[in-house]
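The following features are taken from Swiss-Prot:
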DOMAIN    65-195  domain 'PX'
DOMAIN    203-311  domain 'PH'
DOMAIN    437-464  domain 'PLD phosphodiesterase 1'
REGION    441-788  region 'Catalytic'
REGION    476-497  region 'Disordered'
DOMAIN    751-778  domain 'PLD phosphodiesterase 2'
Amino acid sequence: MTVTQTDLFPYGDYLNSSQLHMEPDVVDTLKEGEDPADRMHPFLAIYDLQPLRAHPLVFAPGVPVIAQVVGTERYTSGSKVGTCTLYSVRLTHGDFTWTTKKKFRHFQELHRDLQRHKVLMSLLNLARFAAAHSPAREAANENIPSLPRGGSEGSARHTASKQKYLENYLNRLLTMSFYRNYHAMTEFLEVSQLSFIPDLGSKGLEGVIRKRSGGHRVPGFTCCGRDQVCYRWSKRWLVVKDSFLLYMRPETGAISFVQLFDPGFEVQVGKRSTEARYGVRIDTSHRSLILKCSSYRQARWWGQEITELAQGPGRDFLQLHQHDSYAPPRPGTLARWFVNGAGYFAAVADAILRAREEIFITDWWLSPEIYLKRPAHSDDWRLDIMLKRKAEEGVRVSILLFKEVELALGINSGYSKRTLMLLHPNIKVMRHPDLVTLWAHHEKLLVVDQAVAFLGGLDLAYGRWDDVQYRLTDLGDPSESADSQTPTPGSDPAATPDLSHNHFFWLGKDYSNLITKDWVQLDRPFEDFIDRETTPRMPWRDVGVVVHGVAARDLARHFIQRWNFTKTIKARYKIPQYPYLLPKSASTANHLPFIIPGGQCATVQVLRSVDRWSAGTLESSILNAYLHTIRESQHFLYIENQFFISCSDGRTVLNKVGDEIVDRILKAHEQGQCFRVYVLLPLLPGFEGDISTGGGNSIQAILHFTYRTLCRGEYSILHRLKAAMGTAWRDYMSICGLRTHGELGGHPISELIYIHSKLLIADDRTVIIGSANINDRSLLGKRDSELAILIKDTEMEPSLMDGVEYQAGRFALSLRGRCFSVILGANTWPDLDLRDPVCDDFFQLWQETAENNATIYEQIFRCLPSNATRSLRALREYVAVESLATVSPSLAQSELAHIRGHLVHFPLKFLEDESLLPHWGAKRGMIPLEVWT
C-alpha cells in the first residue's frame, strides 16, 4: 500500500517538497580535513554577549546543524484541545548534541516568524544596506521551505512519516545561515551565545523562563514577607550547564546571576514547593531560585533535565568530600613546589606571559609595582605592566583584594585598586568586605586560564621576594652609593627609576624590615622608607605551589564563588562593567594550554577556610586535614608556620592541632616508636616594635599565645609531655627558628629569617601547603578566609626511614630535602645525608646544629629573643652590654665561620617571668582576644 501526502495530512496540510529545494550556502562549508571543534566559539565570548534579538553569531560558521525528530509523545493537556503530540528533536552541531521538545504549533510559529523576517529583509533599501546586509539580502531571495497551515495533531496515523517531513523541513532551514542565525530560530532550537563554547561543557539546557526575585541566603538579601508584593517576576533566558546555571537579560544579553551547584543543590517541581503554578525550585547553599514555566509538562521536563545535568561532570560539587572539602581529591595532578619567593614569582611571571583568556588574583596584600624577576633591568617583569600588556591583548584580569581597616593596617588596598583599574578596562578589581570586621581575606591565589593555579603563603607584595641566600643588605653596585639608583625625596616617587644599570634586588618599598618599621606611603613605591645604609632587611622565607588541570579548576571555582558573591552583595559592583565569572567544565580540564616545568604527578585536594561573610558558605577543611594528617602520621611531622597558636582550652583557643601532636607523641612513647616532630617558627612575630624593650603590644600578645601553646601553662604541649615522660620529650620534638648574618658598613650584622610558610610534611608522602596559619583565625573557617592543598604522593622512590628502606613520595621527599638542605647549609656540608629524617644520628645532628648556631649568634650579637632574658629587667641589662660584633668585628667574623646553615633553637624561656598579654589599660588590650588567636 502506497502512502501519499494526502494520507499524512488529510486536511491538505502536506509539505510541498519542491519548495524545499535550496542552493548550497557557501558560508556553511567546512574545509576538507578541518576539525569542527576549531570553529567553535572561544571562551572569551562570555565577556561579549549581545542582546538575544540582535542576531548574534550563535552557531559556529561552517559547522552544520543536523536535526533528527527521534520520537513523539502524546499527552492530554487537560484543556478543550484534547490530546496533543510532542515531537522530540535531537540536534547536533559539531561535538554538541541536545534535545528539545516541540508541539506542531511551535513549528508553525517559527514558520510565520521566518516568513516575516524574509519579507522584511526583501523590503529593505538595497542601497542603504548594501555593505552590511549583502549576504543576508541574497539569502532572503531564496525560497523558504513551506510548512502546512495546520495539522491534525490528534491523529496518530503514519507518525513516522510526519516526523520525517518535519525533520526535512528543519534541516533545509538549517543549511541557510540567513534563517539559522535569526533569533526566532535560535529560540526555537533553545540555543544562545553560550551554547557552543567547549570549555563550558555540554550544550546543557536553555530557554525563556520567568524567574522570581529574592531567595538569596546571604545577609541583607532575605525578605521577611511571603506575599506577592515582596517579589516580582521577570523574563529571563536561562542557561544550565553541568556545574552551574545562569540567567541573562534578553534585551541586553547581560548575565544577571550565576548559581553554582553545591551540596545544597536540590530541584523541586510543583506549587507546594514553589508557591507558583508550573514552578521549578532550584536550591543551593546560596539561593533558592524559583522559575515559572508555561506548563506542568515543561516544569517537569526542566526539573528532570537540570537534575541530570548536575549529575554529569560537575557532580563532584554536589557533596562534601574527604575532610568535608567542597572539592574531591584529584589523582594525576601535576604539581610543583617553590621554596622562597624568587622561583615562585618567576614562575608566576611566566604563567602571566602565557595567559590567553583570564587571570584571577586574590591576595591579602598586592603591590602593583612589584618586580617578578630580579634584578630588574626594565619594566618587562613588573606586575602592573605585565597585567596591562595582557589586558591590551584581550585577557580579562579579575582581582579580589582584602579591604582592610585603614586605622589598623597600612596595606592601602585602595591605592592598589585605583592603580590597577586605571591601566585598562579589562582589569577589574573588587575589594571586600565593606563593613568593619575582625577578620580578613588571607588567601593568596593566582589562576591563569582556569588551568594553572598558584597558591601558598606568598602575596604578590613588597618584602616577599627572596632566595636561598637570604641577603641582609642590598646596596646595588658597590661602586655606586645606594641613593644614586633610588628616587630622592625631591623626585617623582611614582616614576620608575632608570633600571638600565640597576643592580638592586629590592627597589624602594621592597627593601623592608617589618619589625624595625612597618610599611608607609605605599603610593610612593620607589622611595625607600628605611635606611638601607644602616638597617639590614629582614629575609622572608615562604613556600608556594602550582597545580594544573582539574585541581586548578577547583581553585578557579573558589575564586569565582567569592567574586560572584562579592558582586551580588555589594551594590557598587552590580553594574555590567563588573561581569559575573563562569567556571570552566571539568570535562576539558586535561587540555592544558601550558605547564610549569619541574612538576610531579600526585593526588591533590583543594582545602579552604571560609564562612558566610567571606564566601557565602562555611567550610573548615584545612583544619580537618591537619588533624587527620597528624593523627595518621607514622614516622615524622615537619611543620613550618608563621604562627603556632593551638591546644584548645574550649574558651580562648579552639583548634586542636597542638592536642593532636601531643596525642601522637604520647602514642609513640607508649608503643616505643621512633617518632619525630620538627617545628619551625619565626623567632619573633612580624609586627613593628622595639624588642630591646620587650617589643610592642602586638609582639607580646602573639608571643603570649605562642608560648601558651608550646611550653607555658597546663594546656601547653611541653607541659603535657613532661607530665607523661619527663625530659624524654626532647627525643620526640624539636622547636626551632632561623637566623642569618652578613656585613653592613664594615661590621657583622645578624637578623632573623622571617618564616611565613604554611607547610606540613608527614612521612615523606603527604604535604599540606597553603595560606593558613596554625591558629583559630585561619583554621576555624568562621574567621579568616584561607586556601590550601593536600598533596598525597603516588610516585615513589627509594629512601630511608629510621634506618630501614622506605618508599618515599617524590613530591614530599624533594620538598623536605630542599628545606633541610637550605636550613642545615648542605652546600658547605658535602657528606650530609638528608634521606632519613627519623634516625637518631640525624635528629641529634639537627639538635646540635641548632644549639651550636644559637650559642654562636648569642655570643657575637647578643641577639634577641634569648633564653638569657627571662624578665624585662634582665632584658635591659642584657642589651646594655655591647656585643662582640661591635667591639671586635674581626674576631666576630672568624667565629661566624663556624655557623652552619640557619637553624637555631627557639628560645622557650624568653620573658617567661613576665605577663605578655596586653593589659586592659593599653589600646591593644581593648582588642578582643580572638584577634590574636
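Backbone N, Cα and C define each Cβ position, glycine as well.
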Q: Could you tell me what the rest of the chain brings near the domain 'PLD phosphodiesterase 1' (437-464), counting residues at least six beyond its ends with Cβ under 8 Å?
A: 199, 338, 341, 344-345, 347-348, 351-352, 354-367, 370, 372, 383, 400-402, 404-405, 411, 506, 509-510, 512, 514, 519, 522, 537-538, 540, 542-549, 551-553, 555-556, 558-559, 562, 583-584, 589, 592-596, 608, 611, 613-614, 642, 756-758, 769-772, 777-778, 783-789, 928, 930-931
Q: Would you mind splitting the domain 'PLD phosphodiesterase 2' (751-778) into helix, strand and coil residue counts from DSSP?
A: 3 helix, 15 strand, 10 coil
Q. How does the domain 'PH' (203-311) divide up by DSSP, counting helix, then strand, then coil residues?
A. 22 helix, 43 strand, 44 coil
Q: Over the domain 'PX' (65-195), work out the mean pLDDT and round it to an integer.
A: 77
